[in-house]
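Copied from TrEMBL, the annotated features are:
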DOMAIN    53-478  domain 'Ammonium transporter AmtB-like'
TRANSMEM  53-76  transmembrane segment
TRANSMEM  97-121  transmembrane segment
TRANSMEM  133-154  transmembrane segment
TRANSMEM  161-183  transmembrane segment
TRANSMEM  208-228  transmembrane segment
TRANSMEM  249-267  transmembrane segment
TRANSMEM  348-368  transmembrane segment
TRANSMEM  380-398  transmembrane segment
TRANSMEM  426-451  transmembrane segment
Amino acid sequence: MAPQTCSAPVLAGLLNAGGGTGNMTAAAAYICSQLETAALTAADITSALDTVYLLFSAYLVFSMQLGFAMLCAGSVRAKNTMNIMLTNVLDAAAGGLFYYLFGFAFAFGSNSNGFIGHQFFSLKSIPSPGFDYSYFLFQWAFAIAAAGITSGSIAERTQFVAYLIYSAFLTGFVYPVVSHWFWSADGWAAANRNPGDSLLFGSGVMDFAGSGVVHMVGGIAGLWGALIEGPRIGRFDHNGRPVALRGHSATLVVLGTFMLWFGWYGFNPGSFLTIAKSYGPIGSPLNGQWSAVGRTAVTTTLSGCAAALTTLFGKRSLTGHWNMFDVCNGLLGGFAAITASCAVVEPWAALICGFVAAWVLIGCNMLAEKFHYDDPLEAAQLHGGCGAWGVIFTALFAKEQFVNEAYPGRPGRPHGLFMGGGGRLLAAHLIQILVIVGWVSVTMGPLFYALHKLGLLRISAEEEMAGLDLTWHGGAAYVYHENNSGEGGHNGGGFITKASNVRLEPPVAVVRANQA
């Protein structure tokens, strides 16, 4: 029997059938079938809308790789430009392969234990209820962001093979385990644990978009890499005084900063994962997840802006200069700090987050110089230091209403200390900081140390003085004069000169003189 369309004549015909009494049973069945069809159609539309929202957010987060590449390229010297851009490309490529094979399963393979997942290797059984391909893509974009943070810390003096090894290990194992702990429904410290599972200190860790999970992991990993490698040649003079080795392109730094800013609107608001969700009576335009998504974008913006201006005037008072590089890093520090709390704090609180983040970054940079720590991108200070501040800030300023919206199903859970929620959330977040520092240290520290002992971590002094582009990648990234030899291939036009014509004796002499 062909399905009937929903219309007044059809319903009237059913009611008038069978004499004066009408066929009430047939009419009721008809009405119910139409309502069921409408409900199923609405559910499909909602799912499609949420999937489009998540995919668009994933694309925004992935665009941050371009931001990282441009920021890194502008922040290093011209002779290492090609090297750092290639490492950013390979972070995405190697991260994609290893996150597909292992990382997603370790992070979100459910059902599993509280420490590590053990389902969905190579996306087996995907799609499944609660997990679709769009969710994998979104989480992969986060994983490679953590790897990109680390690459900045060890720029300008690291062997290319070391990049490949650490990137695969970080995205395939180290980062996924941390994300399982705090984001998986099975994670031992997650705020969104399965119903019936106990929460850490009654609250769980509310690291909404990853100040700890992403930024601290990448920053601490970079810290160990840079510590084990040691500073770049010339970063500190014979008396231990710091010598500025500024990046070669302010243009690329600004371009990368704005690309990262743009991508952060997928990073933070996108972490809601869905948008078509109501918090209250149906039909209320201001009482749904769509409004929370907008508020999250606003808190993200305000924290970054406050940090940028605080850094501008703070560094001006300390150095006497309006420094563009410092302001860009301050802006990103504000973003890294607000990432944990973006969904659960008021806009006015975001200004406090950014203001303090700027001083955290300035203080961490002072400590780095004092202890002769060299990080060309300030990645460990920015992502590690400001990320840790963001974790603490969440535990101080999380608002009860927003907590219940972002983490539903557990009414009465603790919220921010300064918002009347007690200290249990702060205790949980201090635990998060400690376990992230400990886990990344016992995994990435030995890896970098083993690479160092095997001679696979740092390049030679001669190669460092000449530049990685020339000694490892066949030529420089920029053309200062044309090669008139007429030859093509990897030694032809497009490089400064032929690699075979470069003399390494002067850099070697400089190195030996410095060592003497």
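Even glycines carry a Cβ here, placed using N, Cα and C.
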Which of 97-121, 161-183, 249-267 contacts the transmembrane segment (208-228) most, counting Cβ pairs under 8 Å: 161-183
Recorded stretches the transmembrane segment (426-451) and the transmembrane segment (161-183) touching, at least 3 CB pairs under 8 Å: yes
Mean per-residue pLDDT computed across the domain 'Ammonium transporter AmtB-like' (53-478): 94
Selection from 133-154, 161-183, 249-267, 380-398, the stretch that has most Cβ pairs under 8 A to the transmembrane segment (97-121): 161-183
Beyond the flanks of the transmembrane segment (380-398) by 6 or more, those residues with Cβ under 8 Å of it: 149, 153, 206-208, 211-212, 214-216, 218-220, 222-223, 226, 329, 332-334, 336-341, 344-346, 349, 352-353, 356-357, 360-361, 363-365, 368, 373, 415-419, 421, 425-426, 428-430, 432-433
Non-local residues, at least 6 beyond the ends, that sit with Cβ under 8 Å of the transmembrane segment (133-154): 51, 54-55, 57-58, 61-62, 64-65, 68, 71-72, 75, 84, 87-88, 91-92, 95-96, 99-100, 103-104, 107-108, 123, 126-127, 162-163, 166-167, 170-171, 175-176, 179, 210, 213-215, 217-219, 221-223, 225-226, 229, 266-267, 270, 273, 375-377, 379-380, 383
